[in-house]
Amino acid sequence: MKDISVIVKYFVLFKSIQLIIVYFTPVQFDTSSQLIIEKYRNDKLQVLSDWKLPFQISDSILSNIIDKFITWDAVYFSDLFLNDIKYEHQFVFCPLWWRIIKWIPIGEGNYYKKLMLGMLCSNICHLGTCIILYYLTFEMFKTSSLFTKTLREFSLISSIIYIISPAGIFLTASYSESPCALFSMASIYLREISINRENFNHLNSKNSLKTHWIYKVTYLLSGTMVSIAYGIRGNCLLLGAMFLFDLYEFGIRNRDITDSILSLVSGGQIFVSIIALNWYTYAIFCPARGEWCQSWIPSLFSYAQSHYWNVGFFNYWSLANIPNFLFALPTIVLTLQSFKHFTEEKPVKNLLPVMIVNGMLLVGAVFWWHVQILTRISSFLPLMYWFVASMWISDSPTYKRYSENTMKFMIGWNLIQTSMFAAFLPPA
């Protein structure tokens, strides 16, 4: 519990610094948010009257902090927290996240109360992810002799580094990154505690999963967590690769029929989520909508990504997007170094499924998606944070210095990014 209290203290300190920066960021480059602020002026006045604080203090908090979180995608989220869907593309806009906030019976009918509820839930999820990462690190590396003596410190440092994640202010705003990461880390943790590492990867093993029934349940729950994470952010579909990996290990290498079926059921939950989300939009729009309804695989998600956001192979590779590639470059470099570190320098076989997912994410971001979002969406995977933490606990002065410089960069990036976000400047 002592380590958890340390994590909480660092978390509160860092969030406080972020909010101070937001408060003192002078003006917004894009003033379109003022239209929303003016539209919900009465909602703001209602909040001011409900708070038991002097008016000037309450108004200062709302005007200088909360108003500055009405930027970029938070504009869409905050609208959906309160209002019904108006446009087609909103159906694929992190559908489960905004529905969760909308369904919570707090602040109903008030724009500002729902916005602040979204921010509160986002920060709770961020803290929860830090704590899960602490226990996940213990579980993932406890069988590795390379980390036995420093496992507690390694786990704590990994969680602290996650607090200063390059995702930064997006884990504080009412974005979907924090809840997505929470359920993603939970899924990896539940999967990891379910696997019998004493026998795993041995060809003649009779046990792929631990024998007690509770571990069969936790393994199935790991698939449930991925399904929820996918409903929050589509990129979590990549986590399904873990269960395909397990199917290979359980069925082909270990020849365990029972646990092979469990891997199919656990991973199959993600498939059910995909079918359900696509069927829902198809039932609403098709066949009258035409266009994407007539595709071989009718998917509003795929259509919206390509039609509204120009997502596609090499679509983002242009001179105008060079700055966006530069924004993502540190995350790309750290991810590639993580692969090298955990395959060559400190090989940990348990990490292979996570590295596969991370590799797929990297390829997708660089070649298909808006590459700058890699900085924030990569927060649903722990590999990069483990790499920096591993450097930190190393006996090598060079490695330790590298880790220190990386953390300094993360802190500096967070401070700059927070100010840019509050000023409605890229990257988004």
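Glycine is treated like the rest: Cβ placed from N, Cα and C.
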Which one of these stretches, 71-91, 407-427, shows up in Swiss-Prot as transmembrane segment?
-> 407-427
Note: vs the transmembrane segment (225-245), the recorded stretch with the largest number of Cβ pairs under 8 Å from 4-24, 115-135, 154-174, 351-371 is 351-371
Answer with yes or no whether the transmembrane segment (407-427) touches the transmembrane segment (4-24) by the criterion of at least three Cβ pairs under 8 A, sequence separation 6 or more.
-> yes
